[in-house]
Each structure stands twice: as structure tokens, then as C-alpha cells.
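Remarks on the structure that follows.
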Amino acid sequence: MGAGASAEEKHSRELEKKLKEDAEKDARTVKLLLLGAGESGKSTIVKQMKIIHQDGYSLEECLEFIAIIYGNTLQSILAIVRAMTTLNIQYGDSARQDDARKLMHMADTIEEGTMPKEMSDIIQRLWKDSGIQACFERASEYQLNDSAGYYLSDLERLVTPGYVPTEQDVLRSRVKTTGIIETQFSFKDLNFRMFDVGGQRSERKKWIHCFEGVTCIIFIAALSAYDMVLVEDDEVNRMHESLHLFNSICNHRYFATTSIVLFLNKKDVFSEKIKKAHLSICFPDYDGPNTYEDAGNYIKVQFLELNMRRDVKEIYSHMTCATDTQNVKFVFDAVTDIIIKENLKDCGLF
């Protein structure tokens, strides 16, 4: 009997040890949910985590982005060409009209994600046209990728034989997120599980089952969206949609005890745009100076004031540029410190 009892005790001790290890692992596991409207920069933050906290992109992985980059570049110039008609803008050189027609035809016939020389030559000629540049300046009046100017002004490099996308090229590439993408990494003794959820309206119903046991929500809102409308509804201002979404998340009963961090993203695009387009486009009551600091702060306050439990729940906010690795590294470091502090508070150690 003694031998049986000691075997049981041993088994019990092993089980206890395993449960303790599992509990410790759970305590060190951080479930991060990235939420925000479409095209706010969520997937770019995920790419940065791969660069900062994993091993970055291998040569093979970088090469896989070529087709996406060429696709993004072509879609961008086509969007500008179409907008030339809708906005009734004339080409600086009438010969570009033929180029535009040729491009439209080629776009339908080439293999997706390729960039034949004839096509890249046409795109480069179009991009230099004064009419196209005037149309590009009015990008908030139609749907255009943020990366349009970045790729189009550097197309010569992108079509050089043997081209390998740089980290920045990869960060700027855009693929609509459908479904949920999980990324795992370790940092400061914590195991992170980060979930990127599609932001377009049709994708949001998939969020609900991610809510269980979330440690922290990073809500991403594009500062530069204040003069833009939704891809899926051209009657709705993107900033208003983002505020509406933030309101429903920060006051949701599911998240009463969840840390929430607000990333006011695309500060680089915003700082350029605010020089030309007044914030009152989005907030008619705003009559402050139309500067990066004042307008940016006003937007931040609009978000933070939606928090109905301000007395007991603090929402931390950061101005971010998701394509700037150093900025994201710095901000994510601060977010991790908040998570550690909140965790210690929950354990009664803080």
C-alpha cells in the first residue's frame, strides 16, 4: 500500500507543479487585441512587431511582397487617373491622355502583381504630369492608398532588375485584412499574443469571440482621416466612424477591466495635411489654431472624453507613425510597462 500511496503523492506533486507552471505561464501571457476602423494602420503595427520582436523579414519573405507592391502602385495610379475624370482635371500634357487609356487597357490584360517595362514607363510619365500631381493633391476627395506617393515617386527603383523590397517598402504595402491574424512574440518576460482584426464594417462581426480574457486593447485611429470618407460608405466621415467605434469599445461591459491604449496614428500624414485642410471639415465647432499640436490635441480629447468611466479607468494615448520603427518601438515599450503595472495592481503588488 505504501508504494501505491507514494506513487499517488508523486503524481499529485507533479500535477500541482504542472498547474503552477501553467498558472505562471498564463500570468505571463498577454492577449492584445488591435482594433480600429479600416486602413487605420493595424496591420502595419503587426509588421513592426515582426521586425522589432521577431527576426524581421527574410529575403524570401521580402520577395513575396513584390507582387503586392506592384499591385498597390498600379491601383494607386489607376485611382488617380479615374479621379482626373470625376474631378474634371485636365492633363498638363495632352499626350498623357493616350498613356492613361493605354494603362487602363494594360491593367486588364497583364498578370496581376507584375510590372512590364512598358507599363512602368507609362506610370512614370503620368506621375510627372502636372494634372496628375494636381489630382494627387486632392486625394481626400477619392479613395487612394497612403503609400501612393511613396511608391509612385520611387518607381524607378522598384522596377530595377533584381529589386528586393526594403523594410520600409514592406511596411508601406497594403493588403486588406480579412478575418483574424495572430502574432506571437516575447518581450520583457511576457508572452504576447497579438490579434489583428479586419477593420472594415463587414469584418467587425468576427471580433466578438476574441474578447475572452483580453489583457489590453490597442485601439488605432488615423489622425489623417479627418477629411476622408469610408471605403464602404462615402456618406460617412472616417474620423466620425472611428470615434463611434471607440465609444462602443471603451464603454463596453466586456472591457470594464481591460486596459485600453489609444494610438492616434499617421501623425506624419496628419502633420502635412493639417497645413492645407482645416480641422473644422470634421469638427465644425473647432475654432482653435490649425496646427499639428492644437488640432492633434483636440482630436485626442474628442476620443478620451468618450470614456464614461474616466474617474476609475484611465485610457492611455500616444501619437504614432506605424511606418516608423523607432517610434513604434518606443511606444510599445511604454505600453508594455503599462501592462506590467496593471498586472501587478491586479495581483495586489502595486
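The backbone N, Cα and C atoms fix where each Cβ goes, glycine too.
Per Swiss-Prot, the stretch carrying the note region 'G2 motif' among 52-60, 124-132, 169-177 is 169-177. Distance between Cα atoms for Lys266 (GTP binding site) and Tyr142 (phosphotyrosine): 18 Å, as a whole number.
In the structure shown, the C-beta of Glu39 has more C-beta neighbours within 10 angstroms than that of any other entry among the binding-site residues Glu39, Arg174, Thr177. Looking at Lys42 (GTP binding site) and Tyr142 (phosphotyrosine), their Cα atoms lie 22 Å from each other.
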